[in-house]
Each structure stands twice: as structure tokens, then as C-alpha cells.
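One structure is given here, and the rest of the page talks about it.
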Amino acid sequence: GGPGLQEPLQLGELDISSDEFILDEVDVHIQANLEDELVKEALKTGVDLRHYSKQVELELQQIEQKSIRDYIQESENIASLHNQITACDAVLERMEQMLGAFQSDLSSISSEIRTLQEQSGAMNIRLRNRQAVRGKLGELVDGLIVPSALITAILEAPVTEPRFLEQLQELDAKAAAVREQEARGTAACADVRGILDRLRVKAVTKIREFILQKIYSFRKPMTNYQIPQTALLKYRFFYQFLLGNERATAKEIRDEYVETLSKIYLSYYRSYLGRLMKVQYEEVAEKDDLMGVEDTAKKDILELRNPPAIVILLFSLTLDPSRFFSKPSLRSRNTIFTLGTRGSVISPTELEAPILVPHTAQRGEQRYPFEALFRSQHYALLDNSCREYLFICEFFVVSGSAAHDLFHAVMGRTLGMTLKHLESYLTDCYDAIAVFLCIHIVLRFRNIAAKRDVPALDRYWEQVLALLWPRFELILEMNVQSVRSTDPQRLGGLDTRPHYITRRYAEFSSALVSINQTIPNERTMQLLGQLQVEVENFVLRVAAEFSSRKEQLVFLINNYDMMLGVLMERAADDSKEVESFQQLLNARTQEFIEELLSPPFGGLVAFVKEAEALIERGQAERLRGEEARVTQLIRGFGSSWKSSVESLSQDVMRSFTNFRNGTSIIQGALTQLIQLYHRFHRVLSQPQLRALPARAELINIHHLMVELKKHKPNF
């Protein structure tokens, strides 16, 4: 066992005595052992292998004996350890038995828990089913039970008491519930059917009497039917109850309402319309009151040199009949071609103003144009129709086409009567302004009805417009034709002042244009365009009757200026009519100025034009032969221009009725005269005329301007 001991050689299973020994294998083993480190060390140190082998065996024996002694010394401990291991095995065995028993108990408890869960789920299902059945049965019982409060209210309470309405709603709900249960075959319904039927009959009877009484109250004279109508809305459920429980009675009430109200509306509007027409102006337009018709009677009387007294008397009667008769005069008489204040009827304040009261107007001797009566009549119709339509929808529980049909059952006769009256009136109506205002009233009322969400009147508005538009076009065409067929030679003595036909046109056109601007309509503008063409042609035909061009131009300018002035008061500055007459006026004014300057300054004008033409063509040398003519022009202008300008100014102011227009023409003439004289100066500055002695007599252009300003009129 010392440090010098070497490990024994590992010879393996070498058997040198075997007959099968093979030298090659021995060589291999030898070679392998020689490679071992211990063998190398032993051979190097020269150790005897046999001795070494014995030494190793001795050491092994010693170790074995020592190990045996150690086991003998620890035998008690080993025995104790064995006993402890045996005891542990017993304990573990008991633990295994306990755990097995516990596992068995747990399996049993889990099975019991599953059973309890199944039982609990089944109990919950049974509970829910019982609760559902209880709820259904409770609803059924509650729906079938007729409480005493309901019976008492239906039988004894007046229909106007709140509790009657409350219990009626309860009765309606119970009747609906019983009908539903009967459809399902519920036998218990038979127990309450009799009671509910008797209560329903009693409720229907009381409701029928109440509603019919309200409807009959409409028929009393001087009754404001809107008050009971409003009262009925509080009890609109009554009719809903009848619809659901007694349709025959509901139909009876609806038919009675339609019959009563249709008669009331028809009677009211027929009476109102008749009274309203009595406060219309008595002097209305007739078929001969056209734009191109001349006032022959008035003209003939006025043209008499020394008319007899009886003629003067008769003429005064035609002018002012109130002087000899007690018949009241018509204040602010409605004129045919002038709008005046009539256009206010379509203003927002007037459009929805309170309706006219005919007997009050008669007492105050007030008279109104047709459009004011039309506005009052149709505003009343609009207001009542809107209220009636909304009442029908709410009380009779209808909408859409059903509401439309019921509304026309109530208002149809009234609307038809109104249309028939309008058609009859328009047959003899020749007041185009009134008809056009009525058209715009309808357009505005149609918009109001749309804002109030009342479509029931849409067809009526279309029917009214279908009557008004053709009549308006016919009257306009009659006026166009009257102007076209007017013969200027039949108009008698003419003067250069604005003609009454052009004044009529100006007033009439401005009226229609101003009305049309509120709601533009191309149809109206086309008709007015035709009338304008005819009036322009008429003015030219009348102007042709004057012998001199100057008088023709004065007539044209006066008429164009008058028409333009009237149009600009009402029409927009950029309207077609204003632009057209402005162009005509400017052209004729320029021509008149040239005509005006021709007599006193015609020679000067002619020379300046000729000289400028020669200069432009490069023939200025020809001006040398004009010295005598130029001298005469210079001296003639210097001696007569002041008197000529004065005469010119007076002539203009006498010729034109509009002072402002006359002033403008004078200013234009003086401006053109200054320009003419300035051009004359430039011609004389040419080399060919520069040495002319008469040039010294030329008036300074600035001095001329100062002097001419003194002749400018101020108005």
C-alpha cells in the first residue's frame, strides 16, 4: 500500500497455455500493455512484476479485514437503521391506507355535490316556470277583472270629468285584452264579456250624445264654431274609442261633422263674399278702358270754344257726381294703369293683416280695390282651412290621402263656390294690375300653407292660378292690340308734351315690373316686352305726325324721359325696360342737341367738319382759299353767340316738361358748343390760316367757358 507500489498489469484474458494462442494477438497485447504508463514506469525502474502482484494482493486483504472490522463496529447502528427503515415502511403503509380512504371519501362527496347541483338546477327551472306562469296568470287576471271604480265612472260620471276619460281608457285596454284572449281560446273571457259589452254600450251612448251635441252647437246662429271645435280636441280619445269599439257610431259622427261643417263654411263664405263685394270700388275697369283708347268725350267737350251752360253742367256732373247726388264719392279711387299704394297688399304686414269687416267698411263709407277683397277672402280661407285640416288630422286620426279626402269633404263645396265666383268675376274684369296682384297673393299664400304643412290646398291654389293667368294674359294682349291699332291721326290736336298713352304705359309697366321683382316670372316679362315694342312703335308713329324734325325729337325725348322717370321710381335701375328707354333717350337727346345747334351755329359746324376732313386727308393747303369764309364765321360767332345761347336756353325750357331734363339738354348743348369752338381754334392754328388777321378777334376758349356757365340753369 506504499507510494512506491505500482498498479498490476492489465493482461486481460491472455492465455499463453492455450493451444489456440496466436502469436500475432500476443504481440498486440504486449504492445498494448507496453503502452500503459504503469508498465512503462515499472520497466523503467526495473520492478519485479511477480513481487508487485503479491504486494497488491496483500494490500487488498488488509483493506478487506479493516472493512469487516468497521462493519462489526457499526453493526448496532446498522441494525437500528434497519429497524427505523422498517418502522418508516409501516408508517408509510398506514399513510397510504389513510390517503386511499380519503380519496374514496372525496369521490363520494364529489358525487353528492353533482347530485345537489342537478337538484338545485331543477328547482330553479321549476321556480322560474312557476314565476312565469304566475306573471302570465296575473296579467290575464288583471286584464279580465273589471274593478268597481271603472263600472261606477262609466255608468255615473259625466263625460267631461277627468275620471271618466281615465276609466274609458282602462275600459278600452280591457276590451282589447279580452278580444286578444278570446282569439287564443281563453275560457275565462266568457265570465267578463257580458259586463264589458254593457259598459261599452253605455260609454258609446254617452260619447255619441256628447260629440253630437257639440257638433249641433255649431249650427246656432252667430256661433264661433272654433270654440267648440277646440273643446272637442280635449276629448279626441272619445273618437279613437269609437273607432276601436263601435265603427258604425264613429262613421255616423264623422258624417254628421262633415255635413254640418260643410254647410257652415259654405254659408259663411257665401255671405262673407257677398258682403265683401259690396265694398268694392264702383268704378272698375271696363272692356273699353284700354291703354290705346282715347278719351273722346272729354276731349270733344274741352275743345269747344264757348260751350253752352248745359254742356258745362253735364261735364261737371261726369267729373264730380257727388256735387249733385248724395251718393258718396270714392276716396282714393282705384286707377286702371297706376299702382299707387295698391302694391302694399302683398307686403308682409298687409298680406297677413286681419280680414276686412264689410259692415264696418260700409258704415265708414270705405271702398277697396278687388285685390284687397281677394286678399281678405283668401286669407280667411287659408286660415280656416289650415285650422280645419289640422283638426281633422288630430281628432279623426287620419293622415295622407285619407286626411286630404276628409278635408275636401268638409271644404270642397266652399272651395268650389269660391272658384265659381272668381271665374264669374274674371269674365268681366279688365283690371290687369288687380289680376296680377291676385296672382302674387296666391303665390304667397301657397308658400304660407306649405310652411304650415297643410298640403290639402295645393290643388285649389293651382285652380285659382289657372283662372288668373289666362285672364291676365288676355287683358295684356287687349292692351297690346289697342296700342297697335291706335291711329295717331284720330287723336286730334297733338303737342310735344308726353302723350297720355305713353304715361299709361309707363305707370302700368312700372307697376307690373315692381310687383314681378318680388317673385320673378319670365312669362310676365315676355308679355311686357311685347307691350313695350308696341308702345315704342306708337311713339314713333305719333312723332311722325309733326312736320319738323325738331318737334319730332322734342316729342320723343319728352315721352322717353317721362316713361324712364316713372319706371325708375319702382323698377330696378338694371331692369330691361329702364336700360332700353335710357338708350333711346340718350340717342334722341344727342340728335336734338345737334338739331338745336344747327340754326345759329350750322355754318361753324359745317366748316369745322370740312376742315378736319381736309386735314385728315392731307389737303390742308386748300384751306388758304377759305379766309373770307373763316373771317365771316369768326365775326358772326363773336357778335351773336350770346343771344343765340340765350334763345337756345329759352327754347329748350319751353319745349320740355321736365325741367331737370331740359337743364341736362342745355348743359349738353353748351358742352358741345365749347367742344365745337375748341375744334375751330385748332383748325385756325394750322399754318395755312395762322396768319389770318381775323384770328385776333377769336374769343378765348376759357373766357367762353366762363360766360357759358352763366347761362346754365339751376333747378
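Glycine residues also receive a Cβ, built from the backbone N, Cα and C atoms like all the rest.
Note: TrEMBL annotation is automatic and uncurated.
Per TrEMBL, domain 'Vps52 coiled-coil' is recorded for 70-242. Residues or ranges marked as domain 'Vps52 C-terminal' by TrEMBL: 259-301, 323-593.
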Taken over the domain 'Vps52 C-terminal' (259-301), the model's mean pLDDT: 80
Within-chain partners of the domain 'Vps52 C-terminal' (259-301) [C-beta distance under 8 Å, separation at least 6 from its ends]: 215-216, 218-219, 225, 307, 311, 315, 318, 330, 333-334, 336-337, 356, 358-359, 361-362, 366-370, 373, 376-377, 380-381, 384, 388, 409-414, 417-418, 421, 428-431, 434, 478-479, 481-486, 490-492, 500-501, 504-505, 508, 531, 538
Summary of DSSP states over the domain 'Vps52 C-terminal' (259-301), given as helix, strand and coil counts: 25 helix, 1 strand, 17 coil
